[in-house]
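Here's what TrEMBL has on this protein:
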{"type": "COILED", "residues": "106-133", "note": "coiled coil"}
{"type": "BINDING", "residues": "C308", "note": "heme binding site"}
Amino acid sequence: STEIFSPVRIRSLAAVRQEEVKLMITGILASTSTDNSVKVNMKVVFSELMFNVIMKIIAGKRYFGVNTDSEVEEGQKFRVVFDEMFSTLEVASPQDFLPFLKWFGFKRMENRLTKLAKELDQLFQKLIEERRSERGKVQSTVIDVLLSLQETDREQYSDKLIKGMILSLIAAGTHTTAGTMEWAMSLLLNHPEALLKVRDEIDKKVGQDRLIDHSDLQNLSYLNNAIKESLRLFPTAPLLLAHESSAECTVGGFTIPSNTILFANAYALHRDPKVWTDPVSFKPERFENNGQQGSRIYVPFGLGRRSCPGEGLATQVVGLALGTLIQCFEWDRNGEEKVDMTDGSGLAMHMEKPLEAMCKPRQSIVDVINRL
């Protein structure tokens, strides 16, 4: 993770992020008209964008949208397997709470996950063999990096470990980041004054004669604050990954015994009225001027050495994608009613009803998009 998500590595992937966002924009433009708004399934748009970004980083491949590689069938297999895996993991297994049930044949979920694991193993091994056959040529993917490490330490960097890393990157980097973009866009649609402020900021600081570049993100403070506020209200992982206390300690007056499994409830922390003023309202302004209110418990990616290593990559992709969508298109809700912000069940916080939005290209920037 240190090698893959280092600041230098993330900067080197800027071209990948930029290219995938451009292709996303091109694909949306092809289905729209400057005269009328069309309905766009944003869940699909964001999911395909993130899968393309992650797979381009992992294996140098992209499967969805315009200008896709030839192996569309392989991409569909990945989609089916991961959709099934996420839907399976979102359902609690009775066996987790009543282990004795396995002796009575209650292994339906276990058998299902075993089947999915075998299918993923075959898909991942194919990716590894393809990159291995390209050794000696230009090496820029995650698999290339891991295969290089394998040459010096085959036992530590086995194919099994590489496949585990691929699984972790896809599972943690696609579903979650796509969900973050969907929540953020939904909040902006429900608060059109905030959406307008984001667009005005982009027009002022970037203009309309070129698309947003990754280097512009540091200057788009209101966009960044809107994303932060979205993550505060709807953290991707409402319950952060479990930690275990290695020794007895006291935290906030509470004694934590050793060997205790601990969960941090980010959702509750982010909505604590003792820390946040008007905690359930969407107010990007609360982060203006490096606002420190609640900064010590703003933990959408965890905290400390065990925080999410992909935070840097995720924030860059989310900012670039949302900013470019708002720069290039006029957005509105699909109907008069506000977007339903009900969350679904599962390990990651996602919208129960996938976001559909009305979209129309901005006339002032159509020529820029057409030149892509």
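Glycine is treated like the rest: Cβ placed from N, Cα and C.
Please treat TrEMBL annotations as automatic predictions, because they have not gone through curation.
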Neighbourhood of C308 (heme binding site), C-beta criterion under 8 angstroms, separation at least six:
A172, F301, G302, A314
Please indicate, using numbers and ranges, the residues of the same chain that are 6 or more beyond the coiled coil (106-133) and have a C-beta under 8 Å from a C-beta there.
58-61, 74, 77-78, 81, 84-85, 88, 91, 93-95, 141, 143-144, 147, 159, 162-163, 166-167
